[in-house]
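To keep things clear, I will list the structure first and then write my remarks on it.
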Amino acid sequence: MGRFIFVSFGLLVVFLSLSGTAADCSSGWSSYEGHCYKVFKQSKTWTDAESFCTKQVNGGHLVSIESSGEADFVGQLIAQKIKSAKIHVWIGLRAQNKEKQCSIEWSDGSSISYENWIEEESKKCLGVHIETGFHKWENFYCEQQDPFVCEA
């Protein structure tokens, strides 16, 4: 009996330690490096997509891509979910006019520690493009309606 309790306790400890290794994501969301991600196929403007993400889950925003590993993960996630002819998908990067200076920042306020531009253009909102496997960033008109990726 004592051996059974010891083995059961050991299995419980292993289970609890493994369950804490990934983010606890809601159903339909995917986990990477402690964050949760979900691709939404419906088309929205950049502003509407950002607003939608904030309402999905506490702390939600359009995705902020902070490393090449995260870019690979997000690109693969989009490629798995978007099977239509849509060629752009919104990410959380947007040019903001502040005190007569234009700055680029993530919608969640995090700093830009990783960059992966396709080319420089004058449009204000950014997304990823199918021709680059959804890896490279490109400027698009903010009022354009496209699918998007939320992160929490």
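Heads up, the Cβ atoms here are built off N, Cα and C, so glycines get one too.
Under the heading signal peptide, Swiss-Prot lists 1-23, citing experimental evidence as support.
Taken from Swiss-Prot, the feature domain 'C-type lectin' covers 24-152, and the record attributes it to sequence analysis.
Cβ neighbours of C25 (disulfide bond) (same chain, under 8 Å, six or more residues apart in sequence): S31, C36, A152. Per Swiss-Prot, disulfide bond is recorded for C25-C36 (among others).
The disulfide bond annotation in Swiss-Prot covers C53-C150 (among others). For C53 (disulfide bond), the Cβ neighbour count at a 10 Å cut-off comes to 26, with all displayed protein chains included.
Residues or ranges marked as Ca(2+) binding site by Swiss-Prot: S64, E66, E70, E151. E66 (Ca(2+) binding site) falls outside any helix or strand according to DSSP and counts as coil. On its own chain, E66 (Ca(2+) binding site) has S110, S113, Y114 as residues at least 6 apart in sequence with a Cβ closer than 8 Å to its own Cβ.
Counting every protein chain shown, the Cβ of C142 (disulfide bond) has 17 other Cβ atoms within 10 Å. Secondary structure at C142 (disulfide bond), as computed by DSSP, is coil. Per Swiss-Prot, the feature disulfide bond maps to C125-C142 (among others).
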Spatial neighbours of E151 (Ca(2+) binding site), counting only the disulfide-bonded residues C53, C125, C142 and Cα distances within 10 Å: C53
Cα-nearest neighbour of C53 (disulfide bond) within the listed recorded positions, S64, E70, C125, C142: S64
Additional residues surrounding Ca(2+), by Cβ distance to the S64, E66, E70, E151 centre under 8 Å: H35, V63, I65, S67, V74, G92, W106, S110
Rounded Cα-Cα span from C125 (disulfide bond) to S64 (Ca(2+) binding site), Å: 13
Reported mean pLDDT - the domain 'C-type lectin' (24-152): 85
For C150 (disulfide bond), nearby residues of its own chain (Cβ under 8 Å, 6 or more apart in sequence): Y37, K38, F40, F52, C53, Q56, V57, G60, H61, L62, V63
